[in-house]
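Contents: one structure, followed by commentary.
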Amino acid sequence: MGANTFGKLLAVTTFGESHGPAIGCVIDGCPPGLELAAEEFAHDLQRRATGRSRHTSARREADEVEILSGVYEGRTTGTPIALLIRNTDQRSKDYATIVRQFRPGHADYTYWQKYGIRDPRGGGRSSARETTMRVTAGVVAKKWLKQRYGVIVRGFLSQLGEIRPEGFAWDAIEDNPFFWPHAAQVPALEAYMDALRKSGNSVGARVGVVAEGVPPGWGEPIYGKLDGELAAALMSINAVKGVEIGAGFGSAVQKGTEHRDLMTPLGFLSNHAGGIIGGIATGQPIIVSIALKPTSSLRLPGETVDVDGCAVQVITKGRHDPCVGIRAPPIAEAMVALVLMDQALRHRAQCGDVGEMSPCIPEGVGLRNADD
C-alpha cells in the first residue's frame, strides 16, 4: 500500500490498523528546538476520542502517546519524530459476520478489488482510528504555527443533518460535545441525536475551520496552491465528500461585484475568497468547510454481495458513530495546520528574504465574510 505520507518539507507518515496492536506516525521535517512533551497531546486527542459522549462510538481508547524519537530533553531535535499509540479496546468478534461480506458505502469492496485481501476488523486501515495520528501530528503543527507566527487554527460543527447554527460564539464550541457554536441549540441537538441513535440510522454533517494570523504570501502558484493542498488534505479524511474554500460553491450564483473582495487602506471589505487568491494567502483568515457523509455502519438491514458475488443481507454490528462529523473538527484542524506548517517551511526556504513590495493590506474591517 502506497500513499501513506503527505507533505513536502514537513512530511507525515501514519501507520497501523483499527484493531492492530498499535497505530503511529512519523513527522519528518519539524524544525529543532520546539518544546514537546507526551502530555501535550492529551487535550486534542480527548476532543477527537470516542466513548466520551453517548452520541459517538462506545469504543474507549486511552490514547496515550509514546514519543519514540526526535525529542531530547523536552525539545525536538530536527530528526524524525516517531509517535506511537497502543490500541487497547478492540472488539474484533463484532466483525465476524462481515468477513466475507462487503458493507455498502464502506471501503471493503474497493480494498478487496485493489489488493485482493482486506482486514475486516473495524475497517482495518480505512478506519477513522487512523485519524488519531493525524490529530497527534496536528498538535505539533499547531504549536509551531502559534509560537512562530501567531497562527491559530480552530474548527467547529457548522451543520448537523439539516440543523444549522442560529448564532456563533467561539467560546461555546468547547463547552458541548458537538463543537457547536450556539449554546442555546445544544439541547435540540441532543434530542435529535438520541432519536437518530434509537432509529438505528445515521446522518451527515459539515465542519468549518478557520485559520487566523496566516501571513500573506504562503502558498505557491499553479501546482502547489495553498487551497489545492488544503482541499487534498481535507478530502483524505474519512467520509469527507466535499470541500469549500471561502464562498465555495456559493460562488456559482454570485455576480462579480458580489464576489470580489474589495480593498481599502483599512483592509479587505469581504472574504469570499476564504483568505486565498491565486493559490497564495492574502493575510485574511483562511476559511474552509467540509461535508461528511453519513456513516454506512448501520444496524438496519441492507442489500449487498459477498466475496463470491452472491446476494446477501448485511447488518453491521459493533460500536459506531451515528454521525462521524461530530468528532471531525479536531481532525480537520490538524490537516489544515499540517498543510500550513508545510507551506510555511516551503515559503521560508524559497522566499524568506523577499521584502514587502507594497504596503501589506490588513486583514479587513469585517464587513462581510464568506458565509454572507
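Keep in mind that glycine also has a Cβ here, set from the backbone N, Cα and C atoms.
Taken from Swiss-Prot, the feature NADP(+) binding site covers Arg48, Arg54, and the record attributes it to sequence analysis. Summarising the annotation, Swiss-Prot assigns FMN binding site to Arg125, Ser126, Ser127, Asn238, Ala239, Gly278, Lys293, Pro294, Thr295, Ser296, Ser297, Arg319.
Rounded to the nearest whole angstrom, the C-alpha distance between Arg48 (NADP(+) binding site) and Lys293 (FMN binding site) is 18.
With a cut-off of 8 Å between CB atoms and residues at least 6 apart in sequence, the same chain places Ala128, Leu292, Lys293, Thr295, Val324, Gly325, Ala328 near Ala239 (FMN binding site), listed in sequence order.
Taking the Cα of Arg54 (NADP(+) binding site) as the reference point, the closest of the binding-site residues Arg125, Ser127, Ser297 is Ser297.
Applying an 8 A CB threshold to same-chain residues 6+ apart, the list for Ser127 (FMN binding site) reads Glu17, Ser18, Asn238. Its own atom aside, the Cβ of Arg48 (NADP(+) binding site) has 23 Cβ atoms within 10 angstroms in the protein chains shown.
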